[in-house]
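Peer 1: Dropping a structure here in structure tokens format, bear with me for questions.
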Amino acid sequence: MKLLKSNPVLTLFNDYIVDSPAPSNISYLWNFGSLLGICFIIQIITGVFLAMHYTPNIDLAFLSIEHIMRDVNNGYIIRYMHANGAGFFFICVYIHIAKGIYYGSYRKPRVFLWTIGVIIFFLMIIIGFLGYVLPFGQMSLWGATVITNLCSAIPWIGTDLVNFIWGNYSVSNATINRFFSLHYLLPFVLAALVILHLIGLHQNGSNNPLGISSNVDKIPFHPYFSYKDYVGFFSFFLIFFYFVFFTPNLLVEPDNYIPGNPLVTPTAIVPEFYLLPFYTILRSIPNKLLGVIGMVAAILIFLILPFVDISNVRSTQFKPLFKLFFYIFVVNFLILGWIGANHAELPFTIIGQYSSIFYFSYFLFIIPLLGIIENTFSSIITKNNTPLFYFLNHKL
């Protein structure tokens, strides 16, 4: 224990993990931060081992994946851990973001923390797309072609930008080399952002379910919450390894087990399941340029949350109307994902458009309006000393 507090390197570990003061009332939803750390470590380690055997060449990329699966000792486990780990990484991120929205973790004094988190999320999406292209199956090839071709919608420079990304006039060796290099490099940029995220967290401390200051009631992270995290780790690995060993291809497109062929178009080009909601928003807007803007805006719109939420109350536990619309938003997000997995035909296109409208309306109109309503009710109740707010909160 003395070494933990005297050694300059171990002191950081001690301050951030062992003796870090945490609110005494945080729930298991706060486990997802540490679970994301576990997912990130899994992706880094398995990714390094996969890179040792992968060949970024359009003629050999698919074969090198098969070589990893068939000839490398335990290569299939490493590949399935990396592929399924990406899906679990995003699932944990979505729950982590939902927790932040529900408990108001984006509000002052944690605006910097939230901003870095959104940037991390955006970078994760880019890294995930780059990795999706590398196996160079049918879905990888056509996904790369379609998604990168969206840049052509940018006025004046669009076509030149697409050719610059491809390194040619079509997806070629130059493209897959660039994607592989960036897919290997960007996780280390992501690691730097994660460190910034932890610094921001350490500066103001964790939020808590009540959304109030917990300075008077904090306890050390270890052993009280580290053991709580161990329960989360065990549950996570139980589910994760079930997918890895028993249903490793459940979340994988079957077309990606066919070598990429630029002369044959798949019946449907869809991204990984964790990007489907944003793909739906892209597809729901008929104009190509506006669709691209809408897709990017759907990701970056989380940045405006600290500024549009004007409610005097932080936590949704005490905001019954916000709670109702939050659950509607979650269901709407799942609907967007479901629509993205279906063909662009009626009635899916109409449902996707209405869901996309609600998605943006939630951030731009509903949250500010709810803040005005809640502040008005709060001031009336405080002035008249009536139990109406208490009644509504328990009824809803």
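Note that Cβ sites are derived from N, Cα and C of the backbone, with glycine treated the same way.
Reproduced below are the annotations present in Swiss-Prot:
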BINDING   HIS82, HIS183  heme b b562 binding site
BINDING   HIS96, HIS197  heme b b566 binding site
BINDING   HIS202  ubiquinone binding site
TRANSMEM  32-52  transmembrane segment
TRANSMEM  76-98  transmembrane segment
TRANSMEM  113-133  transmembrane segment
TRANSMEM  179-199  transmembrane segment
TRANSMEM  225-245  transmembrane segment
TRANSMEM  289-309  transmembrane segment
TRANSMEM  321-341  transmembrane segment
TRANSMEM  348-368  transmembrane segment
Peer 1: Per the 3+ Cβ pairs under 8 Å rule, pairs at least 6 apart in sequence, do the transmembrane segment (179-199) and the transmembrane segment (76-98) touch?
Peer 2: no
Peer 1: Please name which of the binding-site residues listed here, HIS82, HIS96, HIS183, is nearest in space to the residue listed as 'ubiquinone binding site', Cα against Cα.
Peer 2: HIS96
Peer 1: Just name the most isolated of the binding-site residues HIS96, HIS183, HIS197, HIS202, going by other Cβ atoms within 10 Å of its Cβ.
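Peer 2: Least crowded of the binding-site residues HIS96, HIS183, HIS197, HIS202, by Cβ count within 10 Å, is HIS202.
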Peer 1: Which of the three DSSP states, helix, strand or coil, fits HIS197 (heme b b566 binding site)?
Peer 2: helix
Peer 1: At an 8 Å Cβ cut-off, counting only pairs 6 or more apart in sequence, do the transmembrane segment (32-52) and the transmembrane segment (113-133) clear the bar of 3 or more pairs?
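Peer 2: They do not touch: fewer than three Cβ pairs between the two stretches lie under 8 Å.
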Peer 1: Let me spell it out: take the transmembrane segment (321-341), skip the flanking residues so only those 6+ beyond its ends count, and list any with a Cβ under 8 Å from a Cβ in it.
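Peer 2: Counting only partners 6 or more residues beyond its ends, the transmembrane segment (321-341) has Cβ contacts under 8 Å with 98, 101-102, 270-271, 273, 275-277, 279-281, 283, 311, 348, 351-352, 355-356, 358-359, 362, 366-367, 370, 373-374, 396.
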Peer 1: To the nearest Å, how far is the Cα of HIS96 (heme b b566 binding site) from the Cα of HIS183 (heme b b562 binding site)?
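Peer 2: Their Cα atoms are separated by 23 Å.
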Peer 1: Counting only residues 6+ away from its ends, which parts of the chain sit with a Cβ under 8 Å from the transmembrane segment (348-368)?
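Peer 2: The answer is 277, 280-281, 283-285, 294, 297-298, 301-302, 304-305, 308-310, 322, 325, 328-329, 332-333, 335-336, 339-340, 342.
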Peer 1: Give the distance between the Cα atoms of HIS183 (heme b b562 binding site) and HIS197 (heme b b566 binding site), rounded to the nearest whole Å.
Peer 2: 21
Peer 1: Quick one: give me the count of other CB atoms within 10 A of the CB of HIS82 (heme b b562 binding site).
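Peer 2: So the Cβ neighbour count for HIS82 (heme b b562 binding site) comes to 20.
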